[in-house]
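**Q** Dropping a structure here in structure tokens format, bear with me for questions.
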Amino acid sequence: MAEDQHHGQVDYDTALAISRLSEQSQWIQGAVREIYGQAGEVAQRYVNHLVTTGVERGLLGPREIPIMWERHVLNCAVAQTLFPSGALVADVGSGAGLPGIALAIARPDVQFVLVEPLERRVLWLEDVIGDLSLHNVDVVRARAEQVVDTLDVDVVTARAVSALKSLIPLTAPLLHGDGELLALKGRSAAEEISKAQKVLRTHRAKDVTVLTCGDDLLEIPTTVVRVTFGDRLG
């Protein structure tokens with residue numbers, strides 16, 4: 001999740017109207033139906049939080065309001081096909097719950113732990129999770145390196161946290177040598193992989209794959225770098 005934006009006043013009525021699903025394009029509505037099904041209403045409530053208190057508290061900038069569905073929530077949610085049922089997932093640097101909450105709504109069969117060091121973000125996340133009644137999501141206020149001894153997960157997710165070269169040393173220890181890192185990236189994916197070769201060897205990565213999610217749902221598909229360690233999910 002990207003760095004916080006400046007706090008600011010938000011016109012709730014306008015923000016909610018702009019982000020109402022019924023006001024979105026047909027392809028966005030179709031993507032929400034395909035990904036969320038009956039949980040689409042929960043996804044809408046999550047978006048409502050993002051465009052109001054999320055922006056007001058500086059977790060996202062006001063310019064993101066008109067593109068909250070496509071650029072943020074759906075951009076994350078299309079990766080939901082990559083998780084095996086019953087997996088335990090750590091979302092590192094969760095920020096506003098992207099991708100963690102967006103994925104958890106779509107995958108109630110997967111357990112998510114949102115790892116976030118900043119208290120005000122954690123308080124916001126806890127409020128949202130409670131309002132949405134997401135029983136498959138927990139929040140831990142900590143940095144990734146502080147929970148290595150208490151978390152042993154199958155998958156680590158990260159979005160807009162750091163380049164792979166820096167991200168792998170932060171996240172790989174949470175897998176304890178066995179599992180996957182799913183890093184949501186943009187066009188820089190291949191370059192980041194190239195620059196991370198030494199780190200990948202140091203942490204004994206077994207395989208690195210660039211995946212494209214949502215080709216048939218989104219105008220701009222999501223790029224995911226999957227780094228595999230060991231054979232836990234193999």
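Easy rule for this one: first residue shown is 1, then count along the chain.
Placement of Cβ uses the backbone N, Cα and C atoms for every residue, glycine included.
For reference, TrEMBL lists these features for the protein:
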BINDING   Gly93, Leu98, Ala144, Glu145, Arg159  S-adenosyl-L-methionine binding site
**Q** Determine the Cβ neighbour count for Gly93 (S-adenosyl-L-methionine binding site): the number of other Cβ atoms within 10 Å of its Cβ.
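**A** Here the count is 25.
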**Q** Of all the binding-site residues given, Leu98, Ala144, which residue's CB has the most CB neighbours within 10 A?
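**A** Within the set of binding-site residues, the most crowded position is Leu98.
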**Q** So how far apart do the S-adenosyl-L-methionine binders Gly93, Leu98, Ala144, Glu145, Arg159 get, largest Cα to Cα in Å?
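**A** So the maximum pairwise Cα distance among the S-adenosyl-L-methionine binders is 20 Å.
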**Q** Name, in the order they occur in the sequence, the residues of the same chain whose CB lies under 8 A from the CB of Glu145 (S-adenosyl-L-methionine binding site) and which sit 6 or more residues away.
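**A** Set apart from Glu145 (S-adenosyl-L-methionine binding site) by at least 6 residues yet with Cβ under 8 Å, we have Leu170, Pro173.
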**Q** Which number gives the other C-beta atoms within 10 angstroms of the C-beta of Arg159 (S-adenosyl-L-methionine binding site), all protein chains shown included?
**A** 25
